[in-house]
Amino acid sequence: MLVSGSFDRTIRIWDINAGLQKGGPLLGHNGNVNSVKFSSSGNLIASGSEDRTIRLWDSQSEAAAIGSFQGHTNWVSSVAFSPDSTLLVSGSFDETIRIWDVKRGQTIVRPLLGHSGRVRSVAISPDASFIASGSDDCSLRLWDLRSGNMIGKPYHGHTKCVNSVAFSPNSAHIASGASDSTVCVWDMRTGRLFTTPFEEHSDWVSSVVFSPCGTRIASGAQDKKVMIWSVLDDTSETSDGLAESGTDSSSPATANIDLVGSHMSIRDMFSRLLRHGCRDLTPQMDSNQDTAVIRNGGGFGDIWIGKLHNGTSVAIKAWRQSFIEQCDYKALKRATREVYTWSKIRHTNIHQLMGVIIFRDHYLGMVSEWMENGNLHEYMRKNPELDRYQMCLQVTSGLTYMHQCNAVHGDLKSLNVLVSSDGVAKLTDFGLSTMAAASLVFSETNNVQVGSTRWTAPELLSAELPKTTKMSDVYALGMVCTRMKEEYWC
């Protein structure tokens, strides 16, 4: 069944198989119906209205189940059942949230106060522990379902009113949609953004919801579009790296896969990367970058500092000229692998790839935000009073997300952790990364790379053909955190 509420002040129940209305409209509200929800068992429907009341309906008898819940002093904008259907939560334009006992129709605690703007949306976590709320004050807040106490600090990041909030199935993350046209995902463990905001909508986002598996978010907006976002890669953890040449191209799983090999030029690689989702930044910057300056070298390329047309400083990681002159196609494949892996990962603690360019007509350039604070090693020396515990948590959070995306960093060390202007650690330099079950695959070579010795797991040093894994990443993470304990070395 499907239930809908309308500005005609009615609620209607629909048979989704037949596509027909089931029975007549449910009548009782004296104002527009803003929110409707089924209980977990499906036998009850809750509705919130501009008449300032909440009503419960029996979905089978299609009649009112109990008298109206009264107490709000302005429109009721959102309602949500607890998983066991014993509690009901409501959010209102009176800037409060209320928790109701379903059987008694009375609140169990005082109104929840804290928002300084109208409450647009409320949600209850699947583990029945928390309430999330979104408001016109541009913030999200987290509350204890039983006591009504606010937990932690408000979640700030949106620049306009938050219209919709939703919990992930594991109750670890919250999605939010706002009138600033963005969708955000929040990590409840840290109280910070879990990924960079999704910004492709062109008008205010009215609704967000997680998929049952928790790896996708669907959002609806006033731009008349519904978009689906990948939050976590749901590729099986047993997948063993990227597909290799020789894969049966007739297989349904690989029929649309592009193979990157030594026969391709840089422009071919560039075109393939754009087709697979990388962003072309050519319209936003001069690809020649005549004033760009080399700052340092990466695993297989040089790091330049350049600028966008709007004056924003950016880092350009370009394939080193010596590789071009030697026609080193293995290096080309490594560069392309890094760009592709980087483009697939969006997280607060991972240095985000802004896009790609053909740099100075010859190089494949990866463009990202310039980090003025440099790497973690430099930052720790300049800031000895830094909260190292928080830095460890941030590095761990970034690596955890990579592993959830079935990616392996392969060269985690303090030099490959950058620090943003606001002191946030961001993993970078995925020159040794692999990502399983991706749509862009790389032909097999015998060029096996191992990261820096100090951070390398012992089994890689002793292996005849070493292969970096999630476990070797964890070893490297331990080394990074251990080094951060020391005063002058990270």
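Cβ coordinates come from backbone N, Cα and C, glycine included.
TrEMBL does not curate its annotations; it predicts them automatically.
Helix, strand and coil counts under DSSP for the repeat 'WD' (1-19) come to 0 helix, 9 strand, 10 coil. According to TrEMBL, the feature repeat 'WD' maps to 1-19 (among others).
Counting residues of the repeat 'WD' (26-58) by DSSP class, helix then strand then coil, yields 0 helix, 19 strand, 14 coil. The annotation repeat 'WD' is assigned in TrEMBL to 26-58 (among others).
Across the range of the repeat 'WD' (69-110), the DSSP-based residue counts are 0 helix, 21 strand, 21 coil. Per TrEMBL, the feature repeat 'WD' maps to 69-110 (among others).
Non-local neighbours of the repeat 'WD' (112-153) in the same chain are 74, 77-84, 87, 89-99, 159-167, 169-171, 174, 176, 178, 186, 188, 191; each lies 6+ residues outside the stretch with a CB under 8 Å from one of its CB atoms. Among the features that TrEMBL reports, repeat 'WD' is placed at 112-153 (among others).
Residues belonging to the repeat 'WD' (155-196) score a mean pLDDT of 92 in the model. Under the heading repeat 'WD', TrEMBL lists 155-196 (among others).
Positions annotated as repeat 'WD' by TrEMBL: 198-239 (among others). A Cβ distance under 8 Å defines the sequence-distant neighbours of the repeat 'WD' (198-239), meaning residues of its chain 6+ beyond its ends; these are 160, 163-170, 173, 175-185, 344, 401, 404-407, 435-437.
What TrEMBL records for 289-490 is domain 'Protein kinase'.
Residue counts for the repeat 'WD' (155-196) under DSSP, helix first, then strand, then coil, are 0 helix, 21 strand, 21 coil.
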